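**Student:** I have a structure I would like to understand better, so I am pasting it below and will then ask my questions one at a time.
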Amino acid sequence: MGRMISQLVLPFHLLLMLGVSLASLNDHRYNIGDEVPLFVNKVGPLNNPSETYQYYDLPFCQPGELLPEKESLGEVLNGDRLTNTLYQLKFGVEKDGVVLCHKKLDQNDVSKFRAAIIKDYYYQMYFDDLPFWGFVGKIEDELWTLDGKGPKYFLFKHVQFDVLYNGNQVIQIHALSDPSNVVDITEDIDLTVTFTYTVRWNETSIPFENRMARYSRDSGKPVNRQIHWFSIINSIVISVLLMTFFAVSMMQHLKNDLRKWSSGDEEEDKEVGWKYLHGDVFRCPPNMPLLCAVIGAGTQLLTLFCCLFILAFLGVLYPYNRGALLTSLVIIYTLTSAVAGYSSASFYSQFIETGWERSVTFSAVLFLGPFLVLQFFLNSVAVSFGATLAIPFGTILVIILVYTLIAIPLLALGGIIGYRRRSEFQAPSATKKCAREIPSLAWYRKTPGQMFLAGLLPFSAIVVELHQLYFTLWGYKISTLPGILFFMFIILILLTMTLSIGLTYIQLTVEDHEWWWRSIFRGGSTAVFMFVYSIYFYCKSNMSGVLQTTIFFVYNTCICYAFFLMLGTISLRASLMFTRHIYHAVKSE
């Protein structure tokens, strides 16, 4: 019995090990002279925020033994590689011009530093869990050099740490390089460089609870506030006008249709095309296992997004909380596998009694399969470049174990529960044996035309905030806030549902009863516009290089594909609810 309990507990213990340890107030209290933890993390070009390398890939001063910090799964996936350093910052102890090391640089080392300066390399460190950045060096064009033989490349050899504290707690830290304390590395010659640093401590009244606020302060600037308000007002106007138009026009049409149907007038009855489809509209859709897999994966992703918003509102997710977002994604996606299995199996079992296992299996691989293929390709590219984004083999093994021991059993459990709690699909009208022939449709009534309309309007409502979100994902500043993102998320869902219902009604009026898959493509079409906009965003940015381009498009493809499945599921659910309602009204008449 004890062995069985330990076997059951092991997978969830493994899952908890992936979590991020959230520091309390007591973890960050120091006495004068206490050593405050300082770690170097990574370096990379300024214009390519995702292209990062280990700090000691550049020939900085190294301690005798490199001791990597133990990291969570999310930190590893995020490309963080925290390591010890020779810098020593003790709480409340100021230092002035302390020698870090005397570093002998050969021609290869000089060349590495110069290449880094050309690409505007920065470095990132963590001090008491606070991230801060600094630049490796600077370039002086020939107009600014005394001999006019520019450009010249200078390596910063002195850094000043300005620390703000409140009581016995660290609040902020900045790394400032002295532009006059540099060494010329324009030529490939051997050099001996003395690296030094200074530490300054200043008191502040900022409370410890607000010390992370400065990282999201950019979103609170007046200009950005105006952009956010413009985005919100634009979305509200579009949503209200669109939903009002559809509600009024559809209610009027439906009332007229029902009146004509109940009157029994043959001349008027000919105009009511959608009522003739009562024997076909609820016919079992083609590729049923795949359709149910879309519903399962889409419902799981919708649950995932909602959980992330809840964590953000609870303060668990905040800017630069190392690895918290990616760790949360892995844990929540694993636990919500039961949602995918239940949604897929329960919907499939309404139409067909056997074979629900296929739909559950498809729902497991529908999103994760393409995602893993793209991640394998990205990881291969990252390994070839030696980037920190390359996932170590041990981490890959942990992810496989988590999915095998936790996600798959939960997926199967959800499928079993969905199958056993199944109910027969209650169609308002009986389905005919032979499908009704669909008349020839105009081009704008076919799938591509409806996808364009169904995707363009929601995209136009969220495009401003989407731009800010891309700035946050592919930049260094937090340009949006969870509350605003959640509001736009609700707007997107409402618009998707409204357009799905309206376009489904239009489709049925021309006696086209194949609405199941059409509703999924209509709802997911917004994701196509998002991907096209990501291409435009990339072209307008300063990002470049094979590695950064690969990272950008792999991640955006995964994000847009997730939105396609999620919005497609929402659209299908809305269309199903609508068709059931109107044909139930016809049956009542």
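The backbone N, Cα and C atoms fix where each Cβ goes, and this holds for glycine too.
Please treat TrEMBL annotations as automatic predictions, because they have not gone through curation.
Below, the features straight out of TrEMBL:
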type     : residues : note
SIGNAL   : 1-23     : signal peptide
TRANSMEM : 227-250  : transmembrane segment
TRANSMEM : 290-318  : transmembrane segment
TRANSMEM : 324-348  : transmembrane segment
TRANSMEM : 360-378  : transmembrane segment
TRANSMEM : 390-413  : transmembrane segment
TRANSMEM : 451-471  : transmembrane segment
TRANSMEM : 483-508  : transmembrane segment
TRANSMEM : 520-538  : transmembrane segment
TRANSMEM : 550-572  : transmembrane segment
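Can you tell me where each of these features sits in this structure?
**Tutor:** If one looks beyond the transmembrane segment (324-348) by at least 6 residues along the same chain, the residues whose Cβ comes under 8 Å of a Cβ in the stretch are 15, 18-20, 72-75, 77-78, 288-289, 292-293, 295-297, 299-300, 303-304, 307-308, 311, 316-318, 355-356, 359-360, 362-364, 399, 402-403, 406-408, 410-419, 421-422.
For the transmembrane segment (483-508), same-chain residues at least 6 beyond its ends with a Cβ under 8 Å from one of its own Cβ atoms are 228, 231-232, 235-236, 238-239, 242-243, 246, 250, 253-254, 273-274, 277, 281, 305, 309, 313, 445, 450, 453-454, 457-458, 461-462, 465, 469, 515, 518-519, 522-523, 526, 567, 570-572, 574-575, 578-579, 582.
Here the transmembrane segment (520-538) has Cβ contacts under 8 Å with residues 291, 294, 447, 450-452, 454-456, 458-459, 463, 466-467, 470, 474, 492, 496, 499-500, 503, 549, 552-553, 556-557, 559-561, 563-565, 567-572, 574 of the same chain, all six or more residues outside its ends.
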**Student:** Can you name the far-off residues of the same chain, 6+ from the ends of the transmembrane segment (290-318), with a Cβ under 8 Å from a Cβ of it?
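**Tutor:** Result: 22, 212, 216, 324-325, 328-329, 332-333, 336-337, 339-345, 347-348, 356, 359-360, 362-363, 366-367, 482-483, 485-486, 489, 516-517, 520, 562, 565-570, 572-573.
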**Student:** Counting only residues 6+ away from its ends, which parts of the chain sit with a Cβ under 8 Å from the transmembrane segment (550-572)?
**Tutor:** 50-51, 291, 294-295, 297-299, 301-302, 305, 366-367, 370-371, 374-375, 377-378, 381-382, 389, 454, 473-474, 492-493, 496-497, 499-500, 516, 519-524, 526-528, 530-531, 534, 538, 543
